[in-house]
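Colleague: Input: one structure, supplied below.
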Amino acid sequence: MATVTATTKVPEIRDVTRIERIGAHSHIRGLGLDDALEPRQASQGMVGQLAARRAAGVVLEMIREGKIAGRAVLIAGQPGTGKTAIAMGMAQALGPDTPFTAIAGSEIFSLEMSKTEALTQAFRRSIGVRIKEETEIIEGEVVEIQIDRPATGTGSKVGKLTLKTTEMETIYDLGTKMIESLTKDKVQAGDVITIDKATGKISKLGRSFTRARDYDAMGSQTKFVQCPDGELQKRKEVVHTVSLHEIDVINSRTQGFLALFSGDTGEIKSEVREQINAKVAEWREEGKAEIIPGVLFIDEVHMLDIESFSFLNRALESDMAPVLIMATNRGITRIRGTSYQSPHGIPIDLLDRLLIVSTTPYSEKDTKQILRIRCEEEDVEMSEDAYTVLTRIGLETSLRYAIQLITAASLVCRKRKGTEVQVDDIKRVYSLFLDESRSTQYMKEYQDAFLFNELKGETMDTS
């Protein structure tokens, strides 16, 4: 008699790993300063630019103390000298509590709203309001939940909830909505919960330590906490931090809070903003709210036109103005919207209001260190000779071009089953992807073959 063996196929289980995107400045963790605001040569992802980083550290300290609201700083330097990196370092050093808004100069030009409205919204996003609110809560460990369901199956449910602390125990009557909330959050005996008396919101803090030895199936995310002590009913101070722009949007229309998620804010009337400013000033006097002047960073500020610069002059003098940080890589150039030239493409009257921080080109040592940091960020192993070649490419072309070759060289290395990027991999991608100067040279040689060539035998200026 033949025996039949049943085989069960086990499905393949794959680990789902979270992919974190790597950006141009994702390696920056701060400005790399010590307690005396002295910059370290290489720290927190920042390399070189010691004078600029020291100046940024002084500005940062004044922002924290709230003494520099309404001031403006201009970071000026050649392309690829770390202007945006310094601004991102300042944002990281300030932390999540200080509002930081970053925009590009060309973002304000839109058909949906005026330039001044776009700038006003950016300014209001950069000013935070810390609102203090006292709420009454009930905090305790659940001893027992009794729910009485009607025998007929219809009608409202009623029940009792027993809560305790280390010093007292109380029984509360439950209505239908509270029973639904407890059922939805799967609250059971042994859970430590808080109930907001004003809203009825239930929050689970965790399981009580006294239930740690219970024979119960628990997930790895289960958190054990101490049983609360003192009174069951407590007063708790809750601090909400919102930006002025969020308050503007919510009060600008009946369903304003929905516009916060959709982004369709439109133009907000000045009357609404004036009323909000008056209300915030009133809260401030009563001690209910605190103004947090944040930072507005405008990259490529030379793209703004003369009307925008005129608006900035007035906006910086307002009592509710954030610290304005601007970056530009232009020299003496034409102010957009006029026929006049000015340093950095910014009018003289606005330049007079700015603290100007200059950046200098990176040295060979600094360039090599930056490339090492980027390789660590992108998980790329590279030989010392390859670092030297890539550094030379970065000095002869641009730092951005050299950084972009790292990932491409890593892919070429993996295709040949290598573990470490070698000089040949760098040479391969260098020959495949042209930099700006080689691309210009190629176009000069084959300019007649291109459609709509406007060079006409003249020397092309690529400076």
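Cβ atoms here come from the backbone N, Cα and C positions, even for glycine.
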Colleague: Based on what Swiss-Prot says, identify which of Ser110, Ser220, Ser383, Ser437 is the phosphoserine one.
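Modeller: Record lookup in Swiss-Prot returns phosphoserine for Ser437.
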Colleague: Going by Swiss-Prot, point out which residue in Lys115, Lys132, Lys288, Lys444 is annotated as SUMO2 cross-link.
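Modeller: Looking at Swiss-Prot, the SUMO2 cross-link feature maps to Lys444.
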Colleague: Can you see whether DSSP assigns Lys83 (ATP binding site) to helix, strand or coil?
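Modeller: In the DSSP reduction, Lys83 (ATP binding site) maps to helix.
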Colleague: Taking 10 A as the limit, how many CB atoms besides its own sit near the CB of Gly80 (ATP binding site)?
Modeller: 19
Colleague: Using DSSP and three states only, what is Lys444 (SUMO2 cross-link)?
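Modeller: Lys444 (SUMO2 cross-link) sits in a helix per DSSP.
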Colleague: Would you please pick out, from the binding-site residues Gly77, Pro79, the one with the fewest other Cβ atoms within 10 Å of its Cβ?
Modeller: Pro79
Colleague: How far is it from Gly82 (ATP binding site) to Ser437 (phosphoserine), counting Cα to Cα, in Å?
Modeller: 21
